[in-house]
Amino acid sequence: MSGRFIVLDGIDGCGKSTQLDHLLGWLPGSGLMPAGAELISTREPGGTPLGRSVRELLLHTRAEQAPAPTAELLLYAADRAQHVERLILPTLERGDWVISDRFSGSTMAYQGYGRGLDRQLIDQLERIATAGVQPDLTLWLTLPLEESLRRRQGDQADRIEAEGQVFLQRVIDGFAAIAEQRQWSAIAADRPPEAVSRALERELMDRLG
């Protein structure tokens, strides 16, 4: 594989979508990408046609039809396996670049730390679903819980976001532990979007340049 795989991760409200859009415009002219390489934007869950159906099951199902915690974990793994095999791996093998809104770290943070599911099981499922494909760089947008809640006031929460503050704090703590274990790049997101964008650009130049 000669392409590069970049992931933006963090809790809801941290600005992943805004910064992903910025990087889609910035990266092709940054000098980091080889001439002729394409930049593909994707997300988890929902980066493939099958994944979009899984996303609806995971995030927008009525309470009485919501998956149980272990079923939820397996659905995320199925989405990821399809995503890697049908989109991420073929793109990297062509020499193109992939930038994704979330990847396997989110599953460990939300299902492992947030829900308290068996982390060894999550690791096993990750190895199966990713087939060894891992990001070249994960950019973790850090945000305190209070700021996440403030930014999302008035927004319609999906099923995971609606779990409550104690759950979300466990997720934040999980992200911090995972970031240290996996040597992610932590970028403070509690500042104006333009400042976050400049910090991301510097980190990409330092790590991939």
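For all residues, glycine too, the Cβ spot is worked out from N, Cα and C.
Annotation source Swiss-Prot lists ATP binding site at Gly10, Ile11, Asp12, Gly13, Cys14, Gly15, Lys16, Ser17, citing sequence analysis. Within 10 Å of the C-beta of Cys14 (ATP binding site) we count 25 further C-beta atoms, all protein chains included.
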Position of peak Cβ density within 10 Å, selected from the binding-site residues Gly10, Gly13, Gly15: Gly10
